[in-house]
2 protein chains.
Amino acid sequence: MQTIDEIVSLMSSNGLRVTDQRRTLAKLFFETDGYLSPKDVYEYMGRTYSGLSFDTVYRNLRVMEELGVLEQVMFEEGVKFKLHCREHDHHHHMICLGCGKTYPIKFCPMEQTDVPSDFKVLRHKFEVFGHCQSCAAEEGAQ
Amino acid sequence: MQTIDEIVSLMSSNGLRVTDQRRTLAKLFFETDGYLSPKDVYEYMGRTYSGLSFDTVYRNLRVMEELGVLEQVMFEEGVKFKLHCREHDHHHHMICLGCGKTYPIKFCPMEQTDVPSDFKVLRHKFEVFGHCQSCAAEEGAQ
DNA sequence: TTACCTGCAAAGTATTTGCATGCCC
DNA sequence: GGGCATGCAAATACTTTGCAGGTAA
C-alpha cells in the first residue's frame, strides 16, 4: 500500500508542484478505500478550499491518473476514481454499491475461460457488485 | 435470436407507433452483432433520413431499452447499445475492440468466486476485450 | 380523430480549455 | 524569477426536455 508521502514525492519527482490542494487530494484518496466521482472529490475538497473550482479538480484527477496514482473506472453513473492498486498480484474487485468500498478477489476467471484461438485477448474485466456488511444492514433497516 | 418482426410487434403491442425510423433502427441492431454508440446510430440513420435529429435517436434508443429490446453498456468512450441477448443461459461476452462484435462466453466466474458471507452479491460483470480474427489481421497489417 | 412521433430549439449536465494572477521551488 | 497551479469564464460534448406540427392506428 502506498503512503501519502510516496504519492507526494512521486508527484514532485515528475516535475509537478506539491500544492496544498494536491496534498489534500492525495490524503483523501489514501483514506478512502473506494471509488470517488469528480463531484464527490469536489465536495470534499470544497469543505477545505472555499474558492475551489471544478476544473482544478478535474485537472488534478487527470494528472494523478496519468501519473499512475489513480485509476479511472466507468460506472453507469459516470466516471469514478480510486487509488491505483499497488498489489503486485493480478486481482479483481468486489465493489459495494452503497459506500463504494472495494475488496480484492484473488481468483482470476481468465485462467479458466476458453478463448478461441483466433481471438486475441488484450484485457479483461471482472467485477462483483453488491453491498458490504454495513451497507446491507442499512438497506435492511430502511 | 430475435427477428425484426418480433421487435416491431413487441413495440406495437406496447402501445408504441411503428414508424419507418423505428423499423430501420430495429433492422440496424438486428444486423449488427456488436455495440453501437448513439453517434454510430445517428450516422447510420442519417444516411436514410436527411432531417434526422439526435434527440429522436436518443429517445428511440431509450424507448427500446426500456422495452428490453436493447441493452446499454458503459465503455471508457461512453454509452453503447446492442440487441438484448435472448439466450436463456446466463453468459458473458468477449468484445472486439476493433469492430465491437461480441461472442458469448458460457463460463461464469461467480460459481468459483469466494465471496465473504457478509458481502451480499447483487450483480457481476465479466468481459473479455481483444481483437477478433479479422480485426487482429488488420492491426497486424498496419 | 387522437395520441404518439418527430424536428427544432433550448436547457441541462459533464468535462475541457484559454487566460491572467498567484504561488511553489 | 520562472514556470507550473489555480480560479474564472467560456467553450465543447453529450443528453434531455418543451413545444408545435406531422403521422400511425
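Each position is counted from 1, following the chain as shown.
Just so it is clear, glycine is given a Cβ too, placed from its N, Cα and C backbone atoms.
Automatic, uncurated: that is what TrEMBL annotation is.
Under the heading Fe cation binding site, TrEMBL lists B:H90, B:E111, B:H124. Listed in sequence order, B:P109, B:M110 are the same-chain residues at least 6 apart in sequence whose CB falls under 8 Å from the CB of B:H124 (Fe cation binding site).
Reduced to three states, the DSSP call for B:C135 (Zn(2+) binding site) is helix. Sequence annotations record features per position, and here TrEMBL assigns Zn(2+) binding site to B:C96, B:C99, B:C132, B:C135.
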Requested in this report: For B:H90 (Fe cation binding site) and B:C96 (Zn(2+) binding site), determine the Cα separation and express it in whole Å.
Outcome: 20
Query raised in the report: Hey, how far is B:C99 (Zn(2+) binding site) from B:E111 (Fe cation binding site), Cα to Cα, in Å?
Result: 30
Query raised in the report: Which ones, out of the binding-site residues B:H90, B:C99, B:E111, B:C132, lie near enough to chain A that their C-beta is under 8 angstroms from one of its C-beta atoms?
Result: B:C132
